[in-house]
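**Student:** Okay, handing you the structure first.
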């Protein structure tokens with residue numbers, strides 16, 4: 001029981017490959033998305049005036065974009081939580097399989 | 001001296017000492033000292049992360065920046081918050097799965113060379129010390145204004161308290177001080193925000209309309225570009241803000257206080273909600289201070305605008321609210337410096353003493369004693385440095401801490417988890433390039449060199465940007481890449497092991 005799990009074997013296993021593939025497909029595009037979305041605000045405010053135009057009465061697009069960053073952060077947080085519950089099920093399965101092979 | 005304020009200060013000190021007393025009974029092992037036994041729940045740790053993170057710079061600094069510069073002050077709020085996506089998506093779960101007590105543990109999970117632990121610990125101690133000096137100097141001037149105590153006395157009082165919390169109560173006391181402070185801060189900020197909002201009949205339209213004419217900046221108050229006029233500097237600041245958090249040692253060690261990666265994840269989610277709501281409210285604090293206190297009155301008390309929030313509390317709610325908000329600010333500083341002492345002391349005792357000096361052979365009791373003595377030493381050093389720094393403009397120390405964290409720690413943390421080819425030499429060169437370039441660029445920047453009264457030395461800055469991030473962060477990544485490619489011997493077997501551990505917790 002105390003012996004180390006066989007990492008090489010788990011690494012090569014189909015279920016682990018599958019988990020890594022799913023994580024990558026979620027994390028990579030969304031990380032790129034939030035970085036681009038985040039840097040759009042300082043880039044637009046530093047190099048242009050487009051965000052100074054009014055959006056809702058006295059509230060300009062710069063503030064709307066700034067609030068958008070909060071909404072984006074919370075939304076991506078919730079998405080990650082939901083998605084990772086699915087990964088947790090995979091992890092549980094991988095751990096069980098590893099335990100069986102060890103025994 | 002304001003007697004209500006003084007009584008509330010004492011009440012907060014008494015409460016934190018009671019917490020420490022109960023925590024000290026539980027702190028008998030290194031695991032309890034460094035991680036509080038790892039038994040916090042997701043929401044407790046989420047509150048503690050929020051408490052650790054919403055420093056005086058957030059509460060007092062951002063409110064002041066928004067009051068004086070309008071939209072530009074809000075950049076900090078956005079950057080500090082979005083940074084949690086980097087933490088959640090890339091760092092939190094692997095860090096919890098691979099590490100035990102410190103950030104170095106995680107890197108050492110893949111590369112066991114002592115040098116790595118040494119350099120990582122050096123980074124941690126550098127970042128924590130800079131951050132702590134900034135907080136202590138801030139505490140000195142704040143308490144001076146609020147209680148009338150002189151700044152030297154204030155620094156020593158805060159310094160002694162933080163040492164007591166860490167030495168006797170370890171991570172358990174630290175966590176509960178942070179949780180208490182987070183609750184106080186949220187309640188205080190919410191009360192002020194609601195009073196401000198009520199003044200505008202709970203209408204954002206009315207509030208923004210009023211702000212168009214309420215300040216000396218006029219219309220421009222609501223537009224970006226008052227504070228940051230150099231585009232590259234704005235981008236550099238934003239880069240350091242969004243990437244720095246994921247490399248801050250006092251935030252990273254908070255992931256070791258929970259039982260598994262899943263709880264680490266849920267604590268980031270809770271922290272993100274709390275911190276996000278708090279940063280939204282900084283608009284009410286800033287706008288309120290600009291409208292009801294006024295720029296002149298804010299600057300008259302403190303040039304940097306750091307007293308905007310307490311002054312607003314006084315203008316809206318009189319002496320009691322002023323006293324309450326001041327006491328909250330004091331609790332904020334206490335909680336943050338306590339977290340910093342613990343992170344620096346852990347790096348020193350666990351990485352330097354435990355793994356390098358004693359090669360992992362020290363007994364439990366020896367390690368616990370080392371951790372306690374390291375806390376005393378770190379605190380004493382920071383108190384002395386802060387007393388010397390008292391007359392300097394130390395605002396740059398916080399941006400330096402973020403820049404070092406983003407340049408020296410983050411590249412190596414990311415490559416350790418995600419890059420198969422990465423090796424020991426790459427990790428060491430990456431950490432050194434990031435650390436040295438950030439330090440050097442700040443030493444040459446306008447924060448250090450400027451006209452009389454604006455900086456530490458009088459003269460022309462050789463590096464034009466106040467924040468080094470845009471150069472030093474890419475250099476940190478490049479250093480790690482070049483160091484890796486120039487040397488061979490990648491250990492793929494170790495990488496497969498680390499990848500499996502990081503993703504499954506096995």
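The backbone N, Cα and C atoms fix where each Cβ goes, glycine too.
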**Student:** With TrEMBL as the source, which of B:49-67, B:182-200 is set down as transmembrane segment?
**Tutor:** B:182-200
**Student:** Which of these ranges is annotated transmembrane segment in TrEMBL: B:469-487, B:488-506?
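**Tutor:** Of B:469-487, B:488-506, TrEMBL gives transmembrane segment for B:469-487.
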**Student:** For the transmembrane segment (B:320-349), could you work out the same-chain residues 6 or more beyond its ends whose Cβ comes under 8 Å from its Cβ atoms?
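**Tutor:** Sequence-remote neighbours of the transmembrane segment (B:320-349) are 2, 4-5, 7-9, 11-12, 16, 34, 51-52, 54-56, 59-60, 101-104, 120-121, 124-125, 128-129, 131-132, 135-136, 138-139, 142-143, 146, 158-159, 161-163, 165-166, 170-171, 173-174, 177-178, 180-182, 184-185, 188, 191-192, 249-250, 252-254, 309-311, 313-314, 367, 370-371, 373-375, 377-379, 382.
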**Student:** Out of B:6-24, B:74-95, B:151-170, B:182-200, which stretch touches the transmembrane segment (B:370-390) the most, going by CB pairs under 8 Å?
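**Tutor:** Maximum Cβ contact count belongs to B:151-170.
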**Student:** Checking distant contacts: for the transmembrane segment (B:396-419), what same-chain residues at least six beyond its ends satisfy Cβ-Cβ under 8 A?
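**Tutor:** Same-chain residues near the transmembrane segment (B:396-419) but 6 or more away: 55, 57, 90-91, 94-95, 98, 103, 106-107, 109-111, 120, 123, 126-128, 130-131, 133-134, 237, 239-241, 243-249, 426-427, 430-435, 437-439, 442, 445, 447-448, 466-469, 472-473, 475-477, 479-480, 484, 498-499, 502.
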**Student:** Please indicate, using numbers and ranges, the residues of the same chain that are 6 or more beyond the transmembrane segment (B:268-300) and have a C-beta under 8 Å from a C-beta there.
**Tutor:** 42-43, 45-47, 49-50, 53-54, 58, 62-68, 70, 73-74, 77-78, 80-81, 84-85, 87-88, 92, 182, 185-186, 189-190, 192-193, 195-197, 199, 207, 210-211, 214-216, 221, 307-309, 311-312, 315-316
**Student:** Let me spell it out: take the transmembrane segment (B:469-487), skip the flanking residues so only those 6+ beyond its ends count, and list any with a Cβ under 8 Å from a Cβ in it.
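**Tutor:** Residues packing against the transmembrane segment (B:469-487) from afar: 232, 235-237, 239-240, 243-244, 402-403, 406-408, 410-412, 415, 419, 421-423, 425-434, 437-438, 441.
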**Student:** Honestly, do the transmembrane segment (B:6-24) and the transmembrane segment (B:235-256) touch, with at least three Cβ pairs under 8 Å and pairs 6 or more apart in sequence?
**Tutor:** no
